[in-house]
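Chemist: Encoded as structure tokens, here's the structure I'll be asking about.
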Amino acid sequence: MAPALTTIAKELNMTSAESAMALSIYLLATAFGPLFIGPLSEIYGRQVILHASSVWFLIWNIVCGFAKTKEVLIASRFLAGFGASSIYALAGGVLGDVWRPEQRGRSLGIYLLIPLLGAAVGPIIGGFMAARTTWRWMFWSTSIFQVVMIFVSLLTFRETFGPLILRRRAARLRHETGNQRYYTASEWLDSGRSTFKKLGRALSRPLRLLVFHPIIQVAAIISAFNYGLLYIVLSTFSDLWTQYYHQSVEISGLHYLVIAGGEIAGSQLGGPLMDFLYRRRQAKNTATVPTPEFRIPLMFPCVVFAPLSMLWYGWMAQYRLHWAAVDVGMFVFMFVSQMGGMPLTAYIIDSYPDHTSSAMAATQFAKSLTAFLFPLFAPRMYSVLGYGWANSTLAFAGLLLGIPAPVLMWKYGARLRAKAASSY
């Protein structure tokens, strides 16, 4: 949508702030959606929640394409984002359900491939659509694709949430045998609770984790800052090429291939590398249970090189050096950001196996808030400070936040997890 913002603003008579809101409010919805979707999937299962969320997104995404006023567009973007946010809550849960800890990097790499391609290639397609046809086709084409994906998921996606599968199996045994001794641990924990109380406890879980679990707090802070930086880049990258380098909208969109390449390379190399480091340390470990802290070492070089590459990108752009120099800095930034983010996700999945979706929803709440807020001040920041000093400020903040976080998790993570209250 970013390359077409100028066209959309002109057609719907939007101010620059309103057009930025139309882009960012989708991300605001992805902050609140997982707070409901994640816990509900731990009651009703991943399958039904995924299908319901997909249909919800489809309906409101179609409305976006037919919007005649800015109010309708902004409102429908928010509601569409609420449905689309299911992936942020459910993906980690499904990966934790299906894959073993020593395969976590591989599974994350496979999962991230398509979303990363979409986030980076989408602006390229959007740029050509904005230049060659109406911007409305950006919404209509994604709706057509969503219909196909819903059809495929209805045929292929099966329930993965272990406690629900066991509850269904126990219920079937009780029905077939008449023996009421068959019940699961989760049923025992929920015994005596009304549906209202179970829903209330489940829906409050992500915020309870965020408020009372230090591990979630540390992960949320560092991932939120990195996510905000990512969306500053995604929302301003096209403007850099059209306004500073005077390239066409179509050509400016092609630079997003660099973003896609960096993220894909980071995920596909980072996943196997994380598994290798994890297996090596786990093999030397005398404990029989997996140790989430063994994910952390991969983060150490990444929290240093990400700010350095941000500096490179900013100062190359500041002096308007050859576009290839800017793209190199962007590629490295995306590469190390992606590689450094995967261990953090795996750490959360490993630390909260029973309530992965709620834990992911807690961190996603912080991430989506920064993804919504950071792009709102980014244009003004670059206008006042320029790309060099603006990126220098962001890089310095990244170092201040990024370096202590993995040190804290490596040294005190196990102790903090042991002292944390139950995620129930």
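Glycine residues also receive a Cβ, built from the backbone N, Cα and C atoms like all the rest.
Checked TrEMBL, it gives:
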- 1-424: domain 'Major facilitator superfamily (MFS) profile' (DOMAIN)
- 20-37: transmembrane segment (TRANSMEM)
- 49-68: transmembrane segment (TRANSMEM)
- 74-96: transmembrane segment (TRANSMEM)
- 108-131: transmembrane segment (TRANSMEM)
- 137-157: transmembrane segment (TRANSMEM)
- 207-234: transmembrane segment (TRANSMEM)
- 254-278: transmembrane segment (TRANSMEM)
- 298-316: transmembrane segment (TRANSMEM)
- 328-349: transmembrane segment (TRANSMEM)
- 361-382: transmembrane segment (TRANSMEM)
- 388-410: transmembrane segment (TRANSMEM)
Chemist: Can you tell me which parts of the same chain pack against the transmembrane segment (254-278), counting only residues 6+ beyond its ends and a CB-CB cutoff under 8 A?
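Modeler: Distant contacts of the transmembrane segment (254-278): 101-110, 112-113, 116-117, 119-124, 127, 233-234, 237-238, 241, 294-295, 297-298, 323, 327, 330-340, 342-343, 346.
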Chemist: Which sequence-distant residues neighbour the transmembrane segment (328-349)? Criterion: at least 6 residues beyond either end, Cβ under 8 Å.
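Modeler: Hits for the transmembrane segment (328-349): 92, 95-96, 104-105, 108-109, 112, 116, 215-216, 219, 222-223, 226, 229-230, 233, 237, 255, 258-259, 261-263, 265-267, 269-271, 273-274, 292-293, 295-299, 301-303, 305-306, 309-310, 312-314, 316, 356, 359-360, 363, 409, 413.
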Chemist: Based on Cβ pairs under 8 Å, which of the stretches 20-37, 49-68, 207-234 lies most in contact with the transmembrane segment (361-382)?
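Modeler: Checked against 20-37, 49-68, 207-234; highest Cβ contact count belongs to 207-234.
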Chemist: Output the single range from 20-37, 137-157, 298-316 maximising the number of Cβ pairs under 8 Å to the transmembrane segment (388-410).
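Modeler: The stretch with the most close Cβ contacts to the transmembrane segment (388-410) is 298-316.
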Chemist: Across the domain 'Major facilitator superfamily (MFS) profile' (1-424), what does the mean pLDDT come to, as a whole number?
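Modeler: For the domain 'Major facilitator superfamily (MFS) profile' (1-424), the model's average pLDDT rounds to 87.
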